[in-house]
Amino acid sequence: MAKQTTLDEFNAVFPKLEEVLLDHARSYKLPQEQLDWYKKSLEANPLGGKCNRGMSVPDSVSLLLEKPLTEEQYFQAATLGWMTELLQAFFLVSDDIMDSSITRRGQPCWYRQEGVGMIAINDAFMLEMAIYTLLKKYFRTHPAYVDLIELFHETTFQTELGQLCDLLTAPEDNVNLDNFSLEKYSFIVIYKTAYYSFYLPVALALHQLNLATPSNLKQAEDILIPLGEYFQIQDDYLDNFGKPEHIGKIGTDIKDNKCSWLVNQALAVATPEQRKILEENYGRKDDAKELVVKKLYDDLKLEQLYLDYEEKVVGQIRERIANIDESGGLKKTVFEAFLAKIYKRSK
């Protein structure tokens, strides 16, 4: 029987990895003040999140093996998981600067913390490099070492392409709904979110077990990318229709001029008059204008449109899962676990 990891088990691996990273920096005779800074960044940025991406690696390895992991297997899987969390930290530190964000996980964003400022850009680079330090330390002799390096490079670049498309499509200070389209939306969510959040953890698990055949990777990608797209569309839906007490935050997509699924669906069906309402009210930091857009979303019955979309896409994903070829070591349960976590979630 496979066994799910807990956040406590997963977090317990980090101090050992942190020590490896600090030792690596020490090997260059980095002065103590700068070493302390690196330690502070390593503790402020990768830690404190839900670790869904990172924990998906040991969970997937256990499902692939259909049994609980040995101590060594767990350590390897959790180390790969922490690399996804370091990748996420690198993206978030950078993203918060680009978006001029204020808070992250209930704290001021790293670049807004005392004395940090634009040093955060270099800290982000160092978080990215930590991935490759850990890969070399623990996977140098693994048959998939080069594949793992290439997977992280490829996933990083894919995420950066998604981010570029997002930044150029929806600048916060320049509202132009002509920039938006469902094709662009789909590109942004697939590249900015789906690859690193959904495909990467399973690809890492397959590589750890030497099961990353072209067929297994392709089958995983064909399910996990649509799953990641569904997850982001659900996020956009919850931003407007979710209850703040459930999702833990107040939605800001309308005020932030986000290229969200809802605004794209609205643009696709709006009359010229309704489009004019959107153009005059979307992306404005104004409560009254936000309410006008919310009312338009209700008038256009976007909630029902989402619920219909959800049933359709989940049906397609379930069909793909049912048709998985398990002869090469892939397991349907890996994908069922992902779907179960997000289907009909309220936060």
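Keep in mind that glycine also has a Cβ here, set from the backbone N, Cα and C atoms.
Feature list (source: Swiss-Prot):
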type    : residues                           : note
BINDING : K50, R53, Q88, R105                : isopentenyl diphosphate binding site
BINDING : D95, D99                           : Mg(2+) 1 binding site
BINDING : D95, D99                           : Mg(2+) 2 binding site
BINDING : R104, K192, T193, Q232, K249, K258 : dimethylallyl diphosphate binding site
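Of all Cβ atoms in the shown protein chains, 23 besides its own fall within 10 Å of the Cβ of K258 (dimethylallyl diphosphate binding site). In sequence order, G48, G49 constitute the residues six or more apart from R105 (isopentenyl diphosphate binding site) in its chain with CB-CB distances below 8 Å.
In this structure, R104 (dimethylallyl diphosphate binding site) is part of a beta strand by DSSP.
Cα-Cα distance from K50 (isopentenyl diphosphate binding site) to D95 (Mg(2+) 1 binding site): 18 Å (rounded to the nearest whole number). Counted within 10 Å of its Cβ, the other Cβ atoms near R104 (dimethylallyl diphosphate binding site) come to 19, all protein chains included. It is 18 Å from the Cα atom of K249 (dimethylallyl diphosphate binding site) to that of D95 (Mg(2+) 1 binding site). The most densely surrounded of the binding-site residues D95, D99 is D95 (count of other Cβ atoms within 10 A of its Cβ). Looking only at other Cβ atoms within 10 Å, the busiest spot among the binding-site residues K50, K192, K249 turns out to be K192.
Looking only at Cα atoms, D95 (Mg(2+) 1 binding site) sits nearest to K192 among the binding-site residues R53, K192, K258.
For the isopentenyl diphosphate site, whose binding residues are given in the record as K50, R53, Q88, R105, the maximum C-alpha distance rounds to 16 Å. A Cα-Cα distance of 11 Å separates K258 (dimethylallyl diphosphate binding site) from D99 (Mg(2+) 1 binding site).
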